[in-house]
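Asks: Before anything else, here's the structure in question.
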């Protein structure tokens with residue numbers, strides 16, 4: 001079998017949108033195309049025509065009131081959309097407030113970190129001060145030990161040297177004595193002729209001895225003066241001990257500062273706990289707001305569904321309202337009474353809004369006044385700080401360590417000023433947030449007023465529509481009364497329609513009650529929101545007051561600390577001036593002693609030279625005396641030798657006395673030199689301590705040399721040259 005060829009366009013329908021099913025005839029279409037083509041039956045034709053007629057009748061029979069009701073329902077849906085937008089705006093505002101609170105929390109955390117850094121710096125300063133105190137105490141202990149050792153060693157070395165010198169002199173004298181005894185036996189005769197010469201020389205030596213005795217008296221007077229000066233030095237040492245007592249007082253102050261630091265740490269921990277609690281509370285509030293948003297969305301969906309149902313019911317019941325205008329007149333009177341009630345409620349709400357607006361204005365004025373007061377206080381504090389800084393700059397030029405502390409305090413004050421500026425910015429932010437909240441409340445109130453005005457307008461339009469419909473219905477009623485005899489059969493249907501209208505009226509009453517309840521709920525919500533915002537405002541005011549009190553306390557504490565530091569600087573400057581004056585007095589007093597020591601050394605050398613010349617003369621006299629006495633009798637020789645021995649013993653005793661006096665003088669001079677070195681802070685190297693000392697001697701000075709102390713190194717150099 002062979003099939004016919006299909007055309008190119010298979011199953012090709014006409015272009016364009018097809019009509020609705022059942023609204024067209026198959027026969028009126030174009031020629032059928034495709035392999036399968038058959039003619040449909042005409043079973044759907046009558047139903048289609050009937051449905052079209054019904055739809056046309058429905059469209060024509062709908063009155064203008066029903067169309068207006070539909071427009072009112074669209075307006076209600078628009079109102080619901082507006083309410084949702086307003087709620088979304090509120091949610092955004094709350095989220096912005098949450099962001100601002102998070103920023104505040106971050107700022108507080110940064111402030112806590114700064115406080116911790118300051119505490120760490122204070123602890124470091126404390127440790128450095130304690131280390132410096134420990135090193136100073138060690139140095140004092142070492143100096144006392146070195147002084148005791150030097151005293152003991154100088155006394156031992158002096159005795160040993162004197163013993164050695166005396167032993168050597170005794171040996172020499174013994175040798176000389178033996179030589180003299182040998183020469184005396186041979187030279188007694190020559191000595192008798194030279195006795196007169198020796199007597200003259202003895203008289204001259206006696207005169208010299210008298211001069212030496214006068215010098216000894218002057219030396220004793222100088223010793224008395226030196227004792228008085230040593231007493232003064234002991235008084236200075238007592239003052240140094242008083243300074244050590246002050247160091248102990250400073251240690252006690254440091255302990256008190258440690259306790260204060262512990263208290264500050266506890267306060268910081270409490271602040272952290274309060275911050276954590278605030279964060280938890282805010283998170284809970286955010287969760288509650290999210291839950292409220294979900295509930296509002298659900299309510300929106302319910303309202304939309306209800307509106308749809310109401311639209312359907314209203315479309316079904318509007319045809320029955322035409323014949324039953326009598327009941328609607330009664331309902332109209334009731335609605336007029338309700339309108340009066342609504343007007344009274346609106347007036348009350350307007351009065352409340354005006355009172356709230358006045359309260360907000362008064363609150364804003366109070367905030368502005370407080371802000372001005374804060375600015376004036378800040379200006380005063382800044383002026384005082386400038387004055388204090390000028391005073392500090394004048395007072396702290398002498399001591400560098402105190403300058404560094406003042407700089408650190410100035411930096412802390414700058415940080416506090418920055419904090420105050422930040423707090424002012426926070427105040428401005430809080431005021432801005434408050435104004436935003438008030439604006440939002442005003443917007444909500446305006447939206448509510450607009451919604452109420454729209455409701456009243458809708459109600460008035462509905463009244464006008466009902467009046468026009470009532471007039472139409474009156475005309476229709478007159479025509480119906482004329483046709484009442486003819487329409488007797490339709491009386492039962494009319495009664496059913498009356499019952500339906502009554503049910504519809506009841507539903508309208510329910511709708512009005514629902515609207516009233518919703519308006520009451522919204523009013524309560526507005527009141528709750530206002531109360532919550534007022535509570536937040538009061539909380540912010542309390543927080544600001546607390547922060548102001550804290551800042552005032554901090555400023556007072558810092559002013560007290562500054563005053564204490566100024567007092568300490570004044571005391572230190574006074575002590576420095578005292579020590580400078582004492583040092584200058586000591587230096588002026590020690591200058592003549594140094595000159596006297598130089599003069600004593602010159603006299604000592606002259607005496608030693610004279611002693612050598614006298615010994616040479618004695619030797620010559622002895623030789624000549626021995627030559628003279630060589631030929632005389634033994635008795636005379638013996639007598640002369642006895643006299644010479646007596647004179648020799650006297651001379652030896654005088655020489656020993658003079659040596660003892662010289663040794664005492666040397667000891668006193670060494671003691672004075674040691675005390676001078678202690679006062680001037682100069683150390684001399686002791687050879688007995690070589691390679692045995694614990695700490696190095698030539699260490700670098702920690703503090704630089706001050707003005708006026710350039711002569712402190714001349715005295716020891718001159719002393720060293722004089723001892724050389």
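Each residue, glycine too, has its Cβ placed from N, Cα and C.
Relevant sequence annotations retrieved from Swiss-Prot are reproduced here:
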{"type": "REGION", "residues": "1-22", "note": "region 'Disordered'"}
{"type": "MOD_RES", "residues": "20", "note": "phosphoserine"}
{"type": "REGION", "residues": "40-81", "note": "region 'Disordered'"}
{"type": "COMPBIAS", "residues": "46-60", "note": "compositional bias 'Basic and acidic residues'"}
{"type": "COMPBIAS", "residues": "70-81", "note": "compositional bias 'Basic and acidic residues'"}
{"type": "CARBOHYD", "residues": "133", "note": "N-linked glycosylation site"}
{"type": "REGION", "residues": "365-546", "note": "region 'Required for interaction with FAM83D'"}
{"type": "CARBOHYD", "residues": "477", "note": "N-linked glycosylation site"}
{"type": "CARBOHYD", "residues": "567", "note": "N-linked glycosylation site"}
{"type": "CARBOHYD", "residues": "588", "note": "N-linked glycosylation site"}
{"type": "REGION", "residues": "635-645", "note": "region 'Hyaluronic acid-binding'"}
{"type": "REGION", "residues": "657-666", "note": "region 'Hyaluronic acid-binding'"}
{"type": "MOD_RES", "residues": "703", "note": "phosphothreonine"}
Asks: Looking only at C-alpha atoms, tell me how far residue 588 (N-linked glycosylation site) is from residue 133 (N-linked glycosylation site), rounded to the nearest Å.
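Replies: About 32 Å separate the Cα atoms of these two residues.
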Asks: Under a criterion of Cβ-Cβ distance under 8 Å and sequence separation of at least 6, what residues of the same chain contact residue 133 (N-linked glycosylation site)?
Replies: 247, 250, 251
Asks: Any same-chain residues 6+ apart from residue 567 (N-linked glycosylation site) with CB under 8 Å of its CB? Would you list them in sequence order, or say none?
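Replies: Expected: none.
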Asks: Given the model, what does the mean pLDDT over the region 'Hyaluronic acid-binding' (635-645) come out as?
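Replies: In the predicted model, the region 'Hyaluronic acid-binding' (635-645) has a mean pLDDT of 72.
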Asks: Helix, strand, coil: count each for the residues of the region 'Hyaluronic acid-binding' (657-666), based on DSSP.
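Replies: The composition, in the requested order, is 10 helix, 0 strand, 0 coil.
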Asks: Give the helix, strand or coil assignment DSSP yields for residue 567 (N-linked glycosylation site).
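Replies: It is helical.
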